[in-house]
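Trainee: Pulled these features from Swiss-Prot for this protein:
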type	residues	note
BINDING	A139, K140, T141, G142, S143, G144, K145, T146	ATP binding site
COMPBIAS	70-90	compositional bias 'Basic and acidic residues'
COMPBIAS	410-432	compositional bias 'Basic and acidic residues'
COMPBIAS	642-663	compositional bias 'Basic residues'
DOMAIN	126-304	domain 'Helicase ATP-binding'
DOMAIN	317-541	domain 'Helicase C-terminal'
MOTIF	95-123	motif 'Q motif'
MOTIF	251-254	motif 'DEAD box'
Amino acid sequence: MAKRKLNETDEPSVVTEPQTQKKTKKSSTEKKEKKEKKSKSQSVKPQEEKPEATQQQAQQQTEEEQELEQQLKDEQKQQDEKDEKKQSEKDDADLTFSDLGLDPRLVQAVAKQSFEKPTLVQRKAIPLALAGQDVLCKAKTGSGKTAAYVLPVLSGILKRKATDPTPFTSALILVPTRELADQVHKAIDAFSAFCTKDIQSAKLTDNVSDAVLRSLLANAPDVIVSTPARAWHNIESGALSVAKLQYLVLDEADLVLSYGYDEDMENIARSLPKGGVQTTMMSATLVSDELDTLKGFFCRNPTMLDLKEEFSNEDEKLTQFYVKCGEDDKWLISYLIFKLQLIKGPCLVFVADIDRAYRLKLFFEQFSIRSCVLNSELPINTRIKIIEEFNRGIYDIIIASDERSEVFLEDEKTEEKKEEQGEKKEGDEKKNGKGKKKKGRRDQEYGVSRGIDFKNVAAVINFDMPTSSSSYIHRIGRTARAGRAGIALSMVVPHDLFGKHKPTSIKQCEKDEKVLAKVMRQQAKLNRKLEPYNFNKDQMEAFRYRMNDALRAVTKVAIREARTRELRQELLRSETLKRYFEENPHELSHLRHDGELGTKMRQQAHLKHVPDYLLPQDGKNALTETQIGFVPFKKQGDDKKTRGKKGAKGGKGGHGKYKKGPGGRKNVLKTFRVRK
């Protein structure tokens, strides 16, 4: 019984224990659920309190994400465009002239000229011109602009003549200078070498009569090369017909306007057929005002090509220097550069005017430095011949007068005021009868710093700084052409040294520092830099006395005589001997243009050689022990042995020493006879 009671008491204990646990668990779970509900209710309450702030944040996040996505898309698009551009440039670099769609005969002529691949200007401009579009191209000098407009013009004429062989003037090429006209005409002849029967060209810049030009134009040449003034003169007279003109080209377009051809260009534009002339304009520098003027004259809707950024690799081969020096130091530095051969190779020296060019030439002659002068007073045939011979390596130094650089003055308003004041003064002088004598006639269509293709020029020296940064660009563009290396050296007169040396001072040098500042700013935009030209001034001073001796000998009278003498010689050569040299071309090589002009000038033999004591130590070591140097008073040949030989043999007029013979000298004492 006791056991049962124990069991009975045990059983309910076993049963009742989990019930109490369940109750405690339920109570704990209920408490937890209540706490969670409270926490949830607490967390929900602030969201319900600020729904607007969260929406704004969400909108901002979505907008930022969209902006980031758009930026990524734009960057990817730009990268794709760059990759496509690089790929297209690679593909374009592999193009040949036959791939451009030119006539096969022109491609054959191009191959004969040793042109391997088209340049960037040619790759971009030729397809546009062949498609009939107006092209306005801005590219650096020496980039092949001439072929870029000549080849599509010739190709279009050949294509037209295949179906319509009617002869008429199809193309008119306008250039600012006679020298450039001759160069373009020669390029046309070279490119049309295999189609001479189909293409006829003419140049209107020669000094011939109107009757000769009329007979030349009567055959209706396909291509005419001329300056605007000559072209309008022949159009106005009826000798040149432009009624069916298809192509118009302006080479060095900005210079055409700067040379004062505005009125001629406007007249030519009026005479052209409306809406049917394809226009191409080429230049290395084009200002917006000039663009607007030219567009108003000729272009409908031109395609702009600005290719200046593509030539950075070639620009690295052009090294630019400047040296700040006094006006007399210019002559000393020039003497040292050429006499000591600090710069080797063909050089172009630019000066401000013609008198200065001849003064520098006569100065160089004192030191036996040969050079030739290129200026507007020389006949056109002589100027062309000098350029050709320089390109063939006959001359090493050309001194070019760049009077035309004045037309690039950037402050046009002040320039117009000066011209108006000058016109008023001239009018007053004419009224009073006090006008000065008219200066020598100069060719208004002369220009050497623009467009002329000087070949293999090692250095360009700005003996006198140009008047504008634009003119500077075209001067230095004569060197470092077609991927070759070159040097540009500019001599700048500081404002505090201006006018200190009056015999060599000119007014143009007063603004040298301002022009240099403009040039440096312009070159900085093109990622180029002008560096100072460093040299040892102490060593330079040792040569100053020689420079002063030579400079004193070059007087104004000597300069005037040299100018008149060369003009007389060149006129005789150009007119009288022109036919003779055409019949005897081998004798043309004997006609040189770098001969001495200062025949009546005081000659100083000691200046023609540099003594070794003036040279630095390296120069002295270069002389060997056997080289004794220059002996100025040593006589050539043994005069003592030759003197009197004619007399000894009885020659007529000899100076024998008391020898017998018809021509010998007689001893007066031995032949003396006393009269009886």
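Using the three backbone atoms N, Cα and C, a Cβ is placed for every residue, glycine included.
Mind mapping these onto the model and telling me what they sit next to?
Mentor: The Cβ of K145 (ATP binding site) lies under 8 Å from the Cβ of V121, C137, A139, D251, M282, each on the same chain and at least six residues away in sequence. DSSP assigns K145 (ATP binding site) to a helical segment in the three-state reduction.
Helix, strand and coil counts from DSSP across the motif 'Q motif' (95-123) read 17 helix, 0 strand, 12 coil.
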Trainee: Determine the most Cβ-crowded residue among the binding-site residues G142, G144, using a 10 Å radius around each Cβ and all protein chains in the structure.
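Mentor: By the 10 Å Cβ neighbour count, G142 comes out on top.
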Trainee: Suppose you look only at the motif 'DEAD box' (251-254); what would the mean pLDDT be?
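Mentor: Summing pLDDT over the motif 'DEAD box' (251-254) and dividing by its length gives 83.
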Trainee: For the recorded ATP site, whose residues are A139, K140, T141, G142, S143, G144, K145, T146, find every other residue on that chain with a C-beta no more than 8 angstroms from the centre of their C-beta atoms, and list them by sequence position.
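Mentor: Sorted by sequence, the hits are T119, V121, A148, A284.
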Trainee: Please work out the number of neighbouring Cβ atoms within 10 Å of the Cβ of T146 (ATP binding site), leaving out its own Cβ.
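Mentor: For T146 (ATP binding site), the 10 Å Cβ neighbour count is 24.
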Trainee: Under DSSP, the motif 'DEAD box' (251-254) has how many residues in helix, strand and coil?
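Mentor: Per-class counts: 2 helix, 1 strand, 1 coil.
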Trainee: Taking 10 A as the limit, how many CB atoms besides its own sit near the CB of K140 (ATP binding site)?
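Mentor: Excluding its own Cβ, the number within 10 Å is 22.
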